[in-house]
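According to TrEMBL, the protein has these features:
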COMPBIAS  19-32  compositional bias 'Basic and acidic residues'
REGION    1-32  region 'Disordered'
TRANSMEM  80-99  transmembrane segment
TRANSMEM  108-131  transmembrane segment
TRANSMEM  171-191  transmembrane segment
TRANSMEM  197-216  transmembrane segment
TRANSMEM  281-301  transmembrane segment
TRANSMEM  313-336  transmembrane segment
Amino acid sequence: LTVPRITPPSRCRAGRAMPKNDDGTKKPASETVPDQRWKLQVFYLCFYGFMTQIRPGESFITPYLLGADKNFTQAEVTNVIMPVLTYSYMAVLVPIFLLTDYLRYKPVLVLQSLSHISIWLLLVLGTSVLAMQLMEFFYGITMAARIAYSSYIFSLVAPSRYQRMASYSRSAVLLGVFTSSVLGQLCITLGSVSFLTLNYVSLGFVSFGLILTLFLERPRRSLFFNRPKGAGDGAAPAELDKMARGDGGGGIRGWREAALCRMLREVGALARQPQLRLWSLWWVFNSAGYYLMLYYVHILWNEIYPAMDNHQVYNGGVDAASTLLGAGASFAAGYVKIRWTL
């Protein structure tokens with residue numbers, strides 16, 4: 001007879017304590033704690049991302065500025081008002097990125113919501129070119145502050161879940177833009193709603209978005225400046241932990257420990273890494289170029305077909321189609337095996 005082999009309880013516990021990732025490597029113990037609360041936080045963050053994109057008047061800002069409501073000339077919109085958006089975005093992107101991590105996300109998201117409210121107050125009440133330039137400046141802030149939402153998700157989940165959770169949050173945002181664009185197009189085409197009324201509706205939605213922002217939980221940690229002590233206690237370091245490895249926080253005192261100096265050191269440490277330097281430049285110029293194209297193409301459409309009737313304006317339909325494709329691609333990206341080093 002073969003005597004059945006008895007496994008000691010300690011070994012059974014040890015075997016259960018280290019489940020494996022999808023790639024066969026063992027998960028660190030810090031990732032296997034059965035905490036279900038993060039799922040609720042991720043769900044709320046996705047819901048928040050979806051709802052804060054419901055701004056049905058956004059697709060029609062250019063025809064609104066050129067139309068009878070504001071009556072700006074095409075030269076003013078093209079050469080004086082629109083350029084403020086792209087260049088203000090590039091100017092505030094790096095400072096907001098650093099403040100996002102240092103302030104732990106939520107304050108920057110509150111700033112983004114307040115900027116959204118300022119945009120639509122200026123659109124509704126402003127009458128001068130200066131007011132519209134200020135509106136575009138706040139637009140640049142809201143776009144730069146999107147990094148707070150994109151990186152918030154990484155403070156909620158373990159590194160092994162980064163890819164999939166990021167795809168969920170990004171898909172929620174793009175589905176929100178899709179829903180907003182469809183709603184705006186239906187109101188214009190079928191409901192005969194004026195651009196001004198649509199902007200009042202958008203103001204209501206962004207005000208509701210501020211309320212949602214206040215209920216977001218402020219994380220206790222972030223990726224660079226608020227990393228937990230003992231983060232390297234046997235757990236496998238995340239990609240972003242490797243990025244921030246230069247800041248131990250223990251050996252420098254006095255003025256060099258001030259927040260601004262730490263931020264500058266982080267920028268210097270990131271700039272010395274070729275892949276991150278390339279990715280960062282790619283992100284800044286790609287996103288700035290995208291927004292430059294996105295809002296100037298609305299002017300081009302008006303040049304090609306200057307619709308006198310609001311029913312003939314289809315900006316919302318075009319935005320809806322493009323963002324729906326983007327939402328599908330973002331969701332699929334969460335399930336694709338990616339060689340990150342490549």
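Keep in mind that glycine also has a Cβ here, set from the backbone N, Cα and C atoms.
When Cβ distances are compared across the two stretches, the transmembrane segment (80-99) makes contact with the transmembrane segment (281-301), since 3 or more pairs at least 6 residues apart fall below 8 angstroms. Contact between the transmembrane segment (313-336) and the transmembrane segment (197-216) is not supported, since fewer than 3 Cβ pairs fall under 8 Å when only residues 6 or more apart in sequence are counted. Panel annotation: around the transmembrane segment (197-216), residues 44-45, 47-48, 51-52, 54-58, 60, 64, 105-106, 109-110, 112-114, 116-117, 119-121, 123-124, 152, 184, 187-188 of the same chain, lying at least six beyond its termini, place a Cβ under 8 Å from a Cβ of the stretch.
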